[in-house]
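Novice: Dropping the structure in here first, questions after.
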Amino acid sequence: MDIEIIRKTDPEIAEVILKELNRQRNKIELIASENFVSRAVMEAMGTPLTNKYAEGYPGRRYYGGCEYVDMAEELARERLKKLFGAEHANVQPHSGAQANMAAYFALLKPGDTVLGMDLAHGGHLTHGSKVNFSGQIYNFVSYGVREDTGYIDYDQVEDLAKKHKPKLIVAGASAYPRIIDFKKFREIADKVGAYLMVDMAHIAGLVAAGLHPNPVPYADVVTTTTHKTLRGPRGGAILCKQEHAKAIDKALFPGTQGGPLMHIIAAKAVCFKEALSDEFKEYQKRIVENAKALANALMERGINLVSGGTDNHLMLLDLRNTGITGKELETRLDEVNITCNKNAIPFDPLGPNVTSGVRLGTPAVTTRGMKPEDMVEIADIIANMIKDENYKEKAKERVAKLLEKYPLYPDLL
């Protein structure tokens, strides 16, 4: 990236870019849905491919001059299919939400009944929230987790499925720290004649590395983002069985999108190539190791976690016994250069703008090179900030010392 070219044309935006780079370098990033892309992925996003309109699909475009962007999209599709063992892939979704929209449009009619995970229990806006298109176009019925364990209540899922006879069951979450049993979801779907869709946006990297069960053999359709644990550009993708390929492709284009972002698709292809490597698998193992180390260290310091730990890259702090809200802790940690997000916990007595929880994740800190012993240090800082707001200056010092060991993009700007 040549900041000087940007600065000559638009010094204000150049300044914003530099400030954001500085923020990323000088804060511990614990937002579970964020990560730092490789330089190769970053560079692929800023190429002449951004100039090309390419409505349609490779070999079936509505514009001329697409022979080379066709090659980029074919590489992305083939690599994605190989990565997850899928029959068909669509790499055009601009986001995970648009991937989900296309999947719904392909499988459902307005008003159809769908079973999805409650947002307050770890689901996602696009899994039936009333403020989202999904909850407005379709009749969503929500399932959740058991209050005593924090694990998905599969008995409840089956009971609701038998009662409501949904056309589609959606599995997947944005704040669920445990392994999801896709085989069990498939069995429930088959009992009521429903399609099964899995949104694996958060866990795609773990699935690719074999650290979480792969939903592809069980689901009719699988959607994902390409960032988060997959560590690619911001965007989405859809995998499906061949029998749904035509409907999925048509639902995305011309159904819900026009021209694809070919520079982003090229960056997705780079990301998928990286994800097929042995190095990526080792990286995913370190994400989980770090998450378990952070979770255990927090619990050792008296911090409760929803479900009592984690199997993946994230955890949910239950702050109900601490006297501090999720909103307050998010602010406190940001003041000492630790970035996280307040998050509702299951059966939360507080509203979504305050919350009784905070969500933490380890993909970004693992990308920086941090290790389990660093997670213990971070847990200790967080525990002290929960208990004592006056610990701020000491916490800042400890954060700065930790970040010094792991520079971010040292050769950039």
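Just so you know, glycine gets a Cβ as well, placed from its N, Cα and C.
Taken from Swiss-Prot, the feature (6S)-5,6,7,8-tetrahydrofolate binding site applies to L119, G123, H124, L125, supported by sequence analysis. The site 'Plays an important role in substrate specificity' annotation in Swiss-Prot covers H227 and is backed by sequence analysis. The N6-(pyridoxal phosphate)lysine feature in Swiss-Prot is assigned to K228; the stated evidence is sequence analysis.
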Novice: Taking the recorded (6S)-5,6,7,8-tetrahydrofolate site as L119, G123, H124, L125, identify the other residues of that chain whose CB atom sits within 8 Å of the mean position of the site's CB atoms, giving them in sequence order.
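Specialist: Nearby residues not in the site list: G116, M117, D118, T126, H127, G128, S129, N132, A173, S174.
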Novice: In whole Å, how far does the CA atom of K228 (N6-(pyridoxal phosphate)lysine) lie from that of H124 ((6S)-5,6,7,8-tetrahydrofolate binding site)?
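Specialist: One finds 15 Å between the Cα atoms of these residues.
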Novice: If you count, for each of the binding-site residues L119, L125, the other Cβ atoms lying within 10 Å of its Cβ, which residue has the minimum?
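Specialist: Each of the binding-site residues L119, L125 was scored; lowest Cβ tally within 10 Å is L125.
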Novice: Work out how many Å separate L119 ((6S)-5,6,7,8-tetrahydrofolate binding site) and H227 (site 'Plays an important role in substrate specificity') at their Cα atoms, rounded off.
Specialist: 21
Novice: Can you count the other CB atoms that lie within 10 A of the CB of K228 (N6-(pyridoxal phosphate)lysine)?
Specialist: 28
Novice: Distance between H124 ((6S)-5,6,7,8-tetrahydrofolate binding site) and H227 (site 'Plays an important role in substrate specificity') at the Cα atoms, whole Å?
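Specialist: Answer for this pair: 16 Å between alpha carbons.
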Novice: Measure the Cβ-based neighbour count of G123 ((6S)-5,6,7,8-tetrahydrofolate binding site), defined as the other Cβ atoms within 10 Å of its Cβ.
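Specialist: The answer is 25.
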Novice: Whole-number answer please: how many Å between the C-alpha atoms of L125 ((6S)-5,6,7,8-tetrahydrofolate binding site) and H227 (site 'Plays an important role in substrate specificity')?
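Specialist: With the alpha carbons as reference points, the distance is 18 Å.
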Novice: Looking only at Cβ atoms, how many others are within 10 Å of the one on H124 ((6S)-5,6,7,8-tetrahydrofolate binding site)?
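Specialist: I count 23 other Cβ atoms within 10 Å of it.
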Novice: What does DSSP say about L125 ((6S)-5,6,7,8-tetrahydrofolate binding site): helix, strand or coil?
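Specialist: Where L125 ((6S)-5,6,7,8-tetrahydrofolate binding site) sits, the three-state DSSP reduction gives helix.
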Novice: Counting only residues 6+ away in sequence within the same chain, which have a CB under 8 Å from the CB of H227 (site 'Plays an important role in substrate specificity')?
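Specialist: Those within reach of H227 (site 'Plays an important role in substrate specificity'), by Cβ under 8 Å and sequence separation of 6 or more, are S33, E34, N35, V37, P233, R234, G235.
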